[in-house]
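Report on the structure given below.
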């Protein structure tokens, strides 16, 4: 690999996007940032396209997050940890008047969604390669219509539970960023983490669990696009829980 190899630039671009977050010690909710070696075009997308779709948390947020997008966007939704981007891309294509922010620190996942954005000409996705906790703190109050957390890292060992994204502090942060009647959707095939999330959200005065019967959490949300991780869980005999919460009026 030569000094001019775009794969060097891709690492530098992602490092720039995440260094500020890491320096403040909030990088504990996610694990590795990079897996297999990027192909040349993937590296070019990280170096060239990602900066066009990213935003800088060092700058003050816009008063309205819709300003991050082209005119015509009427609401903004956030997906935390989008993995390969299957769900986020499907949502963006199905709802062109909604702006979507995708948060993913894993460089290979970022490369995958950038390739889809380029190939499909998607214009209503913005990307953030750092820590979602930092993003929630930066976002204006009541600026999001929905937050999705789909198949997050379950951190199954008890000593690692503090690294799970769902914590009392992040529940409070999500409540601040969501508008009244905004939604939080959680999908997980690990029963322990689903129970953990249900416990944290139902004890919060800011959220109400909307399920009225078992099928409300046993079946996917209407229009839901299964992710690669979801299909893998099904093949291995694990059934996901689909938890839907609504932000109570402040």
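The backbone N, Cα and C atoms fix where each Cβ goes, glycine too.
Computed from a predicted structure; not experimentally measured.
Noted in Swiss-Prot for the protein shown:
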REGION    1-30  region 'Disordered'
COMPBIAS  1-10  compositional bias 'Basic and acidic residues'
COMPBIAS  11-24  compositional bias 'Low complexity'
BINDING   79, 104, 131, 153  S-adenosyl-L-methionine binding site
ACT_SITE  153  active site
BINDING   157, 189  substrate binding site
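Positions of Swiss-Prot features highlighted on the structure.
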residue: 79; record: S-adenosyl-L-methionine binding site; CB count, 10 Å: 24
residue: 104; record: S-adenosyl-L-methionine binding site; CB count, 10 Å: 25
residue: 131; record: S-adenosyl-L-methionine binding site; CB count, 10 Å: 25
residue: 153; record: S-adenosyl-L-methionine binding site; CB count, 10 Å: 17
residue: 157; record: substrate binding site; CB count, 10 Å: 8
residue: 189; record: substrate binding site; CB count, 10 Å: 19
I need the CA-to-CA distance for residue 79 (S-adenosyl-L-methionine binding site) versus residue 157 (substrate binding site), whole Å please. 25
Rounded to the nearest angstrom, how far is the Cα of residue 189 (substrate binding site) from the Cα of residue 104 (S-adenosyl-L-methionine binding site)? 20
Integer Å distance between the CA atoms belonging to residue 189 (substrate binding site) and residue 131 (S-adenosyl-L-methionine binding site): 23
